[in-house]
Amino acid sequence: MGIDPNYRTNRQVVGEHSGHKVYGPVEPPKVLGIHGTIVGVDFDLCIADGSCINACPVNVFQWYDTPGHPASEKKADPVNEQACIFCMACVNVCPVAAIDVKPP
């Protein structure tokens with residue numbers, strides 16, 4: 001089961017990180033929520049294999065350290081989500097379906 005495609009309406013915004021919204025719940029270090037609105041990454045599903053970072057032609061993602069998280073200790077953070085060109089490359093290569101892209 002991948003990211004909830006309705007997280008933008010089903011979850012509360014609980015904060016901001018690197019210029020994008022974070023949707024809860026969040027209970028670090030084990031529950032980190034979904035980061036981003038245009039390009040959402042479920043940090044609790046992300047296994048940090050780097051597929052999305054390598055596939056993105058406009059460098060939407062940067063590595064972010066998440067020590068102590070059970071899935072992986074780093075995440076693909078959508079820090080440049082405003083640059084997204086909606087090619088869906090990241091969505092198509094993510095092995096755990098942790099990414100959802102929706103134009104504003």
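Cβ coordinates come from backbone N, Cα and C, glycine included.
Sequence-distant contacts (6 or more apart, same chain, Cβ under 8 Å) of Asp77 (Zn(2+) binding site) comprise His17, Ser18, His35, Val41, Phe61, Gln62, Trp63, Tyr64. Summarising the annotation, Swiss-Prot assigns Zn(2+) binding site to His17, His20, His35, Asp77.
Annotation note: Cys46 ([3Fe-4S] cluster binding site) sits in a coil segment as assigned by DSSP. What Swiss-Prot records for Cys46, Cys52, Cys94 is [3Fe-4S] cluster binding site.
Counting only residues at least six positions away in the same chain, the Cβ atoms of Val39, Ser51, Cys52, Ala55, Cys56, Val60, Phe61, Ile99, Val101 sit under 8 Å from the Cβ of Cys90 ([4Fe-4S] cluster binding site). Sequence annotations record features per position, and here Swiss-Prot assigns [4Fe-4S] cluster binding site to Cys56, Cys84, Cys87, Cys90.
Among the features that Swiss-Prot reports, domain '4Fe-4S ferredoxin-type 1' is placed at 38-66, with the record citing sequence analysis. Within the chain, the domain '4Fe-4S ferredoxin-type 1' (38-66) has long-range Cβ neighbours (under 8 A, six or more residues past its boundaries) at 2-4, 7-8, 18, 23, 29, 31-32, 72-85, 87, 89-90, 92-104.
Under the heading domain '4Fe-4S ferredoxin-type 2', Swiss-Prot lists 75-104, citing sequence analysis as support. Mean model confidence for the domain '4Fe-4S ferredoxin-type 2' (75-104) is a pLDDT of 98.
Around Lys30 (N6-methyllysine), taking its Cβ as the centre, 12 other Cβ atoms fall within 10 Å, counting all chains. Annotation comment: Swiss-Prot describes Lys30 as N6-methyllysine, evidence class an author's statement.
What Swiss-Prot lists as region 'N-terminal extension' is 2-37.
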DSSP assigns the residues of the domain '4Fe-4S ferredoxin-type 1' (38-66) as 5 helix, 8 strand, 16 coil
Same chain, |i - j| six or more, Cβ under 8 Å of Cys87 ([4Fe-4S] cluster binding site); the result in sequence order is Pro57
Around the Cβ of Cys46 ([3Fe-4S] cluster binding site), other Cβ atoms found within 10 Å total 26
Quick check on the binding-site residues: of Cys52, Cys84, Cys94, whose CB has the lowest count of neighbouring CB atoms inside 10 Å? Cys84
Which chain neighbours of the [4Fe-4S] cluster site, leaving out Cys56, Cys84, Cys87, Cys90, have a Cβ atom within 8 Å of the mean position of the site's Cβ atoms? Val39, Cys52, Ala55, Pro57, Val58, Val60, Ile85, Phe86, Met88, Ala89, Val91, Val101
